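Some features that TrEMBL has for this protein:
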type     : residues  : note
COILED   : 515-542   : coiled coil
COMPBIAS : 618-636   : compositional bias 'Basic and acidic residues'
COMPBIAS : 1007-1016 : compositional bias 'Gly residues'
COMPBIAS : 1017-1030 : compositional bias 'Low complexity'
DOMAIN   : 637-710   : domain 'RRM'
DOMAIN   : 711-788   : domain 'RRM'
DOMAIN   : 802-878   : domain 'RRM'
REGION   : 573-636   : region 'Disordered'
REGION   : 996-1049  : region 'Disordered'
Amino acid sequence: MDVAMDEADSLEALSGVLECLTENPYDISLHAEHIRIARATNLDDQVESALEMMTAFWAAGESVWLPLIERRTSTGDLESPEDLRAILDLYTRAEQDYLSIPLLQKHLEFLVERYEHFAESESKPEGLGELFSPDWMNETLAKVADQGIGHLTKSHLLWDIRRDWEFERLQNASGEDRERLANLVEAMLLERLQQPHSSQYTSTYIPRTAYSSFTTNHKPHDQYESLLVQATKLRSRSVKGYQLRERLEASLEQASFSLEGYAYYLGVERRRKTPDMFVVKPLYERAIAEADKRRLSGEPGAEDALRAFWTGYVDFLRSQSVDDEQLLLTFRRGMRSVPASGELLARYMRFLERALDSEEAAVQISVVYEKAQSVAPLLSDVEQLVAAVLARAGFEKRSIEAGSSGEDYESLLQILVDGISKVRKASKTGDPRLRLEKYLSAVAQCLDVDDLHANAVVMWEDTAKHYKTSYLAWTSYTDVLIKEHMYDDVRKVFRDVSAKHLDWPEAIWDAWVSFEQLHGTVEELENALAHVERAQTQVNARRAKEAEKAQLAAAQLIAETQASTVLAAQAPVSVKTESAPETIAMDVDPSAATGSHSKRKADDEDSAESSKRPRMALTEKHTEEQPAKLKRDRENSTVFVGDLPAGVEDEELRALFKDCGVIREVKITQLPNSLVATVEFLERDSVPAALTKDKKRVRGKEIAVHLAWRSTLYVTNFPEDADDTFIRTLFGKYGEIFDVRWPSKKFKSTRRFCYVQYTSPTSAENALELNGTDMEEGRRLSVYISNPERRKERTDSDANEREIYIAGLSKLVTKEDLETLFKTYGNVKDVRMILDDKGKSKGFAFIEFTTEPEARAALAANNHELKKRRMAVTLADSRVKPKNKAPGYREEVRNRSVRVKNLPPNTQEGLLQQALEKHAKIKRVEVFADINEAELELESPAEAGKLLLRQDPIEFNGNTLQIVAENTTGPPTSCPIAPPSGTSGFFVPRNAVSRPRAGLGSKQRGFGTGQAGGSRPGAPAAGGSASSANSGGGAKGQDDFRKMLLSGK
């Protein structure tokens, strides 16, 4: 909303934003601010100037173009050929940016209005020529309407205008001209009948009725039936085409045309066996226009979505083999829309290389790339910048190999060096994956030019000094020295960095030892091993010290938290204070499935027992008068609201329920087929009044209100490998599922239950028929209504107290042996024995009993001898942590832990663990909801390495997860781990970036013939000695290359 500003403030703000735009014209937020301030001045010329400046640098949507066109139309002379041409050109420019139905509709209406005006006046300005002639109108109206004809729900707004004009023209025609126009109209109607769109279902479907009337008036009567039969067949195919998308269109509308909705819709269309160009192309245009609108309003993530839509669009067009002219126009539009997208720029340059001859491609690619260097957002984004530089360098390399650029590699070298310099300026961390440096080094190897080999050595020396703590930079430096047979320099580098504070010192040590085993003498190998041993001692001591500091800091934080908790507990509780959110497990009502309505005394006993507990510093009388502390009771205080009309807002629901009681929270959720909400009250006494709102109307639509737990099922005893998809598939046939909630396994890894919540109680009641279903041998599914009043009957509520842990077992012990032994203490519910690869016991197991007393009775088996081994038996409550950990335990846990970033809001730990267990063996997951991150503890460092070094991205609920190494001494690094060329796994470091084959140069030349202990004759040495090589012959020497590197810093 524009803020009222006086004239002086407006002009001052306008001057400030113009100054910023002069420095950074590719900051779209500055353009949005410029337009806002210009409108606040109420000066039309300033508004027009702001709108024009926006269109000069960026593709603009209808919110920019329509006001600009309206102003030009209102101020221009519509009788002047020059002004009319200027307005038409403005429409053409606007329509090239984004698809806009209102803009196209405005254009068609303008054309028809001007045509009718000139027809009524029976005169037309001489300078217009063919403009606004009947044939020109026919062609132009068709061209404008066709731009939006693929919009399945709004294309009729354009086609109707064109149809009305064509029919009026046909009615006014006579003779041969009438017959010619009749043929044109017939072709137009038949073409429309074959195009899928939303108005095809109605009995008054206009193209069908129009064609029927047209056939009656302009075709022989004996052909009427045959023509209509043919038209009906044509229409049937298009009707089926729309039926395939009707649900997707409805879901998209219900989702308020969200970017996620468009992404899902596009994914469905792209996955079809034969994607329909008529549907997919306009769908991309709609998604792009919506993303631009949201970006201009400042919506987070809209820029990334817009880039993804554009790259997906051009990839789709290329896969459909569209002509180069259309693809070229799309690329140009895309670069106006997202000039900071290096991925799109890279695709554009590759397209130019493929579509044009070598000379023209070289010119066009150079122009495009140089223009991109002025886009500040691109130069500040490492990922986009690297993609652009690699594409530009790739073209230059292929030109050299093809001979079109001769043997001059200076331009390629300059592109890469400039790119490396820009990457290091763009971010303090630069590119941890060193992609440009690796590419330059690989180019030197491929082209096999001595000068490039020498330059590669200098480049890696400079890179290692810049990325001082990167093991990847140092190992890459030593690799290139090994390829050049500069063994003395390799040893010097290894000695210098072996004890430095690197992100992965183990890689350096391993590389050094591997190098000496291949190229060193026995003395040099032993010397390296001694250095490595000393370095290991130093690094381990440093890590232990860091761990001790972290432990002390954590202990201090815990002490402070406990102290503040005690103070808060002593403070009086105010009824009006809203308690912090807490997670409360739902409870079940087995009587709904079994028919039992018997009451138990456990609750009464609990309450009686609690009443006997003494109250500190309070008399009994005061205790009775003191109000009880409020506890959040979601299950009993929440109602579920279904069948909501599209677009309903939070305030409307609050107004509906405001007379029922104090509302704590309202959450509106868009499901694929409906819009629902949950309303939580501060007190459970408000719920009965809220339930009276059932069948009330909101925006004219009847809504449904019920207690949330009545549509929720507690499900347990399903197969161990069952996941979210399994549960949704099993229960989805009974009704629309609102949510499936899974328990966290961080305290107990064997928890196997979940809550399935439907949008209606009827669906939950119907699903109760699954109770008792045989899922596998000896296992029957348990399904109950999740009644909060039946808290004690929840099967898993005391699972930790009903399970024992057995250690010290013989490898010869079987599951049957344990079951036979322990069933003497009670009813054994489950036996889980941990087995090795050969199916033998690893020496420990878990046994779950039906009741807690049975589990405690089984503790008597402690020290019992079974197959000549005495076993230890304890309760398996994993929340009871041992006080003293084994030496190195914390270090070992850190080595197999990783951090997961970019989680969707409200991520469930159980669901996240399910998703990641498909890629690695997970031991524990803990989600930090306030920062949308999670900590993962895996079974081994090798499993952590597998997850960190995974090349393909992991998608979770629409988000691409970032897997990074856990940082123990501070906040975790934000740099995602890069996929390496190969993997091996014994230890994964903090902040590790990739994992090459340590110490070995690929494709070593002259293996076994080079000098074992020194530098190759004539080869440059590391450090300063490298500059003396290859100084003659007119080629640039290493001093020149070093200056080139340093000039960009």
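Glycine is no exception: its Cβ is also placed from the backbone N, Cα and C atoms.
For the coiled coil (515-542), the model gives a mean pLDDT of 92.
Helix, strand and coil residue tallies for the domain 'RRM' (711-788), in that order: 23 helix, 25 strand, 30 coil [DSSP]. Remark: secondary structure over the domain 'RRM' (802-878) totals 19 helix, 30 strand, 28 coil, with classes taken from DSSP. Counting residue by residue with DSSP, the domain 'RRM' (637-710) contains 20 helix, 30 strand, 24 coil.
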